[in-house]
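Read through the structure below, which is laid out as structure tokens, and then see the notes.
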Amino acid sequence: MNKKEGYAGIDYFRMIAAFLIIAIHTSPLATYNNTADFIFTRIVARTAVPFFFMTSGFFMIAEYNYNADKLKTFIKRTSYIYGISIALYIPVNIYNGYFTADNLLPNILKDIVFDGTFYHLWYLSAAIIGASIAWLLVKKIGLKLALIATAIIYIIGLFGDSYFGFSLQIPFLKSLYTNLFEVSDYTRNGIFFAPIFFVLGGTIASEKWHLSLRNNLIGFIVSFFLMLTEGLLLHKWGVQRHDSMYIMLIPCMLFLFSALTYLRGRRSSTLRNLALIIYIIHPMLIIVVRGFAKTVGLQALLIDNSFVHYLVVGVSSAAASFILVALMARIKVEPKEVCVYDGTDRSWIEVNLDNLMHNARVLQAAMPEDCKMMAVVKAEGYGHGALAVSKCLNKIGITAFAVATIDEGLKLRQGGIQGEILIMGYTSPMRAKELHKYELTQTLLDYDYAVLLNKQGYIINTHIKIDTGMHRLGFNKYDIDKIAKTFKMRYLKICGIYTHLCVSESLEITDVEFTHTQISGFYDLLDILSKQGIKLPQTHIQSSYGLLNYPEIECNYARIGIALYGVFSSGNDKTKLQLDLHPVLSLKTRIVLIRAITKGESVGYDRKFIATRDSRIAILPIGYADGLPRNISCGNGSVLIHGYRVPIVGRVCMDQLTIDITDISNTEIGDIVTIIGKDGQDEIFATEVAENSDSITNELLSRMGGRLKLVNY
Ligand SMILES: *Cc1c(COP(=O)(O)O)cnc(C)c1O
């Protein structure tokens with residue numbers, strides 16, 4: 001998904017699907033040829049409803065996404081539409097004698113839950129039930145098993161639908177379905193029919209279906225003709241009780257929908273609303289057209305000619321829907337101007353996702369052709385919010401992420417992040433099952449660790465870490481036998497092998513020499529492994545400075561952390577590659593109190609600040625518990641207010657700090673103060689704050705988090 005544009009193809013097909021559904025209810029070809037009409041309305045047009053289900057599934061269901069918000073919104077919206085539609089058709093129900101039938105109450109209940117109170121309205125209840133079942137299954141057992149489960153349910157439905165004739169021959173099945181039809185008129189409902197299409201939509205959204213446009217189209221054409229054959233045979237044998245469900249409908253829809261996702265462009269909510277309204281009101285227009293034809297004596301043309309009838313109903317439904325959509329747009333009330341709490345009342349981090357994407361593109365462009373960015377998002381994405389950062393990068397096509405701990409990895413997966421998530425640090429083998437279940441990739445810290453993890457009996461994706469001189473984590477590069485043995489372990493899938501450089505930020509000659517021994521040591525090892533017949537997995541060496549100072553290294557990944565966030569570790573670092581990187585994070589707070597201090601009075605702990613003149617001191621609600629280092633106290637740091645620099649005075653406390661604003665007029669409570677970032681002409685870089693506290697930006701940024709609110713823009 002490299003393109004920013006929306007899925008326009010899906011919106012266009014909504015209109016086609018709406019007209020297919022009108023065809024089902026008007027039999028356009030009946031006047032000319034019954035078989036042709038059967039093929040068109042009972043087979044071809046049967047793709048329409050599954051398409052609508054898949055569309056909803058596509059936007060709502062994704063593997064690992066445990067957030068129920070989208071489902072709730074969908075159920076709410078669909079229930080609302082269902083309620084209005086039921087009300088809309090009550091006059092027709094009355095006219096048809098619906099309310100004078102026996103067993104009224106049980107029938108109404110049955111209709112509301114399964115069959116619809118008017119014949120096409122079953123779709124809305126099926127959407128609610130189907131979506132809920134699909135969502136729950138995917139959450140509980142994962143996408144793959146949910147697909148199998150809903151396929152089984154679909155097959156059960158099939159034998160009450162197009163294949164019912166076969167069930168009639170088996171007494172047990174016959175009585176089973178007879179009982180079932182007491183509760184729901186058809187198996188074409190929210191339980192047996194809809195769920196699989198929601199799951200299929202989610203499967204495509206989760207990028208678990210990788211076919212090119214061409215192969216999807218070939219697949220569609222082949223399965224479409226097989227479906228035609230299937231439908232005609234079943235029709236000929238007379239086994240169909242109803243004709244909504246075919247075996248070939250499943251592959252047919254999978255190929256078709258996947259092909260449609262290739263058609264990109266601007267999304268159209270008008271088409272979406274039009275299709276929905278056409279779906280709901282077209283039966284009404286069938287009644288209107290018939291009434292009109294009778295009144296003006298045009299039955300022969302408008303009713304008896306099925307094709308003209310179809311066209312007139314179709315065009316008038318579209319026209320009526322168009323008018324309704326236009327009217328709705330006109331009466332749409334402007335949302336009230338409510339003050340929304342946006343998290344900027346105390347102290348907050350502003351994350352500029354445009355700059356993040358810019359940096360990602362610049363860094364990716366600096367890598368050799370076959371090298372991909374592995375975005376390092378440990379420690380809440382260096383304070384930027386790991387999930388929001390990863391989602392944003394996922395959208396522009398980055399599919400490899402690195403974190404330090406399993407819980408960081410889980411958070412990303414459960415937030416819906418697709419692709420590889422490498423845990424670079426230690427994970428207890430006790431958590432092997434989670435590694436397996438959430439498809440997290442674990443770093444193998446050394447041989448003993450690999451043995452222990454393998455013993456847990458779960459298939460786990462791993463990368464082998466090699467120690468080439470840092471002497472922290474990793475197999476010793478000379479332990480060839482142990483490394484080779486690890487490749488043969490039964491449960492560990494070795495997807496990568498990597499090392500880490502320890503002085504890559506330095507361009508001093510001895511440091512460069514050391515780094516070259518690390519790099520060549522790693523490649524020598526790879527050579528030996530290759531010669532032993534081991535197929536090499538993905539390789540990676542560089543972190544940010546590794547890339548900036550050794551851009552010639554040709555690996556499969558570069559693990560980029562600090563540079564992605566647009567800053568250097570220290571301000572005076574010089575690098576071989578000079579890239580145009582933009583800082584992503586700003587740290588801001590607001591004045592909560594201003595007090596006057598007389599000359600000679602002190603401010604804060606230890607009385608470290610004594611006023612040498614009558615002063616105005618502003619109190620800011622941010623302290624070292626928010627990640628601001630305590631040693632920027634006492635004039636070691638400054639902040640920006642209204643574009644001017646003012647000093648931090650006294651000691652930074654756990655939750656507050658004090659600044660001297662004597663020289664700045666017009667300051668008020670609530671004014672924004674910038675601690676990192678730009679204000680007017682001046683800018684404070686993270687490197688400056690890091691240096692003022694004798695540290696590096698990596699430490700400074702990764703410690704922020706906790707209490708600070710994150711605001712993305
Ligand atoms: C943190 C980390 C990185 C990222 O380092 P940056 O200097 O922030 O790019 C890469 N590799 C490993 C093993 C790390 O721990």
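Note that Cβ sites are derived from N, Cα and C of the backbone, with glycine treated the same way.
TrEMBL annotations:
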ACT_SITE  K378  active site, proton acceptor
ACT_SITE  Y605  active site, proton acceptor
BINDING   R472, M654  substrate binding site
DOMAIN    584-713  domain 'Alanine racemase C-terminal'
MOD_RES   K378  N6-(pyridoxal phosphate)lysine
TRANSMEM  12-31  transmembrane segment
TRANSMEM  43-66  transmembrane segment
TRANSMEM  78-98  transmembrane segment
TRANSMEM  118-138  transmembrane segment
TRANSMEM  145-166  transmembrane segment
TRANSMEM  186-205  transmembrane segment
TRANSMEM  217-238  transmembrane segment
TRANSMEM  244-262  transmembrane segment
TRANSMEM  274-292  transmembrane segment
TRANSMEM  307-327  transmembrane segment
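For the pair R472 (substrate binding site) and K378 (active site, proton acceptor), the Cα-Cα distance reads 18 Å. Once Cβ contacts within 10 Å are tallied over all protein chains shown, the recorded positions K378, R472 are led by K378. Taken residue by residue, the domain 'Alanine racemase C-terminal' (584-713) breaks down under DSSP into 23 helix, 50 strand, 57 coil. At the 8 Å Cβ cutoff, the transmembrane segment (78-98) and the transmembrane segment (43-66) share fewer than 3 close pairs (sequence separation 6 or more) and do not count as touching.
M654 (substrate binding site): 10 other CB atoms within 10 A of its CB, across all protein chains. Of the Cβ pairs linking the transmembrane segment (274-292) with the transmembrane segment (307-327) and spaced 6 or more residues apart, 3 or more are under 8 Å, so the two regions touch. Per-residue pLDDT, averaged along the domain 'Alanine racemase C-terminal' (584-713), amounts to 94 for this model. A gap of 11 Å separates the Cα atoms of Y605 (active site, proton acceptor) and M654 (substrate binding site). Note on the transmembrane segment (118-138): residues 21, 25, 49, 52-53, 56-57, 60-61, 63, 68, 71, 74-75, 78-79, 81-82, 85-86, 89, 92-93, 112, 145-146, 149-150, 186, 188-191, 193-199, 202, 279-280, 282-283 of its chain, located 6 or more positions outside it, place their CB under 8 angstroms from a CB of the stretch. Within the same chain, residues 37, 40-42, 44-49, 51-52, 55, 119-120, 260, 263, 271-272, 274-275, 278-279, 282-283, 286, 304-307, 309-311, 313-314, 317 sit at least 6 positions outside the transmembrane segment (12-31) and bring their C-beta atoms closer than 8 Å to a C-beta of that stretch. Scored on C-beta pairs under 8 angstroms, the neighbour of the transmembrane segment (217-238) with the top count among 43-66, 186-205, 307-327 is 43-66. Cα of K378 (active site, proton acceptor) to Cα of M654 (substrate binding site): a distance of 24 Å.
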